[in-house]
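Colleague: Sharing the record's features from TrEMBL:
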DOMAIN    13-175  domain 'Thioredoxin'
ACT_SITE  Cys55  active site, cysteine sulfenic acid (-SOH) intermediate
ACT_SITE  Cys55  active site, cysteine sulfenic acid (-SOH) intermediate
BINDING   Arg138  substrate binding site
DISULFID  Cys216-Cys222  disulfide bond
Amino acid sequence: MEAENKSEVMPMPRIGDKAPAFSAVTTQGDIHFPDQYAGSWVILFSHPADFTPVCTSEFMTFATLEEKFAEANCKLVGLSVDGLYSHIAWLRTIKEKIEYRGMKNVEVKFPLIEDITMEVAKKYGMIQPGESSTKAVRAVFVIDPKGIIRTIIYYPLSLGRNFDELYRVLVALQTADEFSVATPADWQPGDDVIVPTAGSCGVAKERMDGNEEMTCYDWFFCTKKIDKETILKSVLKK
Ligand code: BEZ
């Protein structure tokens, strides 16, 4: 009995793991994840249910921003445990009937996965029974061009996501990779970035003695400037 229960428990993917592979039916045809997305960043996100208000506001917002994410080499893939025909009907309703905060006639062009069996949702830890055992929570997985999970964010059913924050996360990850830096609290492109901590007493002394390129708050906490144009050029060239 214990073994049976254990076999149902799936480990949740973690930051740094290879994104779990799956094939699925979507509103844009079949997909094979993550291999089909090699070379692109991907945001794989789940929503609780079609024809619900928070989800509708999210899909309209994400679809409106799709081009902006695409320009940063990032593709979007949605998922809920609803079926394909429900997905199609909901996306048609959004396009034909819903006008919300200046958005109207919104066409969702990115794939929306049908996951009635919850196979994918369970693989990605999107079913969190304390919140709901029949609906996926609002999960966000940011996956890099090598298929590695780089960021995971979960929101409860009642809380719509902030898509400007998801774009900020994408740009910050790309900036960290491109310039070998970290990004401080509330960082936005153009703000100072954090250089790797001094790895020797000599470097720590040099930094504290003064360095034109850096501002040091202490030996372990130094920042430098990378202007917004440089960041955006590096993000948009991908
Ligand atoms: C919504 O998207 O509005 C929603 C979905 C499931 C539970 C609560 C809210």
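The backbone N, Cα and C atoms fix where each Cβ goes, glycine too.
Note that the structure is predicted; figures quoted are calculated from it, not measured.
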Colleague: For the recorded positions Cys55, Arg138, Cys222, which sit with their CB under 6 angstroms from an atom of ligand 1?
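Modeller: With ligand 1 as the reference and 6 Å as the Cβ limit, the list reads Cys55.
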Colleague: Quick check for the class: what is the C-alpha distance, in angstrom and rounded, between Cys55 (active site, cysteine sulfenic acid (-SOH) intermediate) and Arg138 (substrate binding site)?
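Modeller: The Cα atom of Cys55 (active site, cysteine sulfenic acid (-SOH) intermediate) is 9 Å away from the Cα atom of Arg138 (substrate binding site).
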Colleague: Tell me, roughly as an integer, the mean pLDDT over the domain 'Thioredoxin' (13-175).
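Modeller: Computed over the domain 'Thioredoxin' (13-175), the mean pLDDT is 98 on the 0 to 100 scale.
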Colleague: When a 10 Å sphere is centred on the Cβ of Cys55 (active site, cysteine sulfenic acid (-SOH) intermediate), how many other Cβ atoms does it contain?
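Modeller: The answer is 23 other Cβ atoms.
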Colleague: Quick one: of Cys216, Cys222, which of the disulfide-bonded residues has the smallest count of other CB atoms within 10 A?
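Modeller: Cys216, out of the disulfide-bonded residues Cys216, Cys222, has the fewest neighbouring Cβ atoms within 10 Å.
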Colleague: Any same-chain residues 6+ apart from Arg138 (substrate binding site) with CB under 8 Å of its CB? Would you list them in sequence order, or say none?
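Modeller: Expected: Phe45, Ser46, His47, Pro48, Glu58, Tyr154, Tyr155, Pro156, Leu157, Leu159, Gly160, Arg161.
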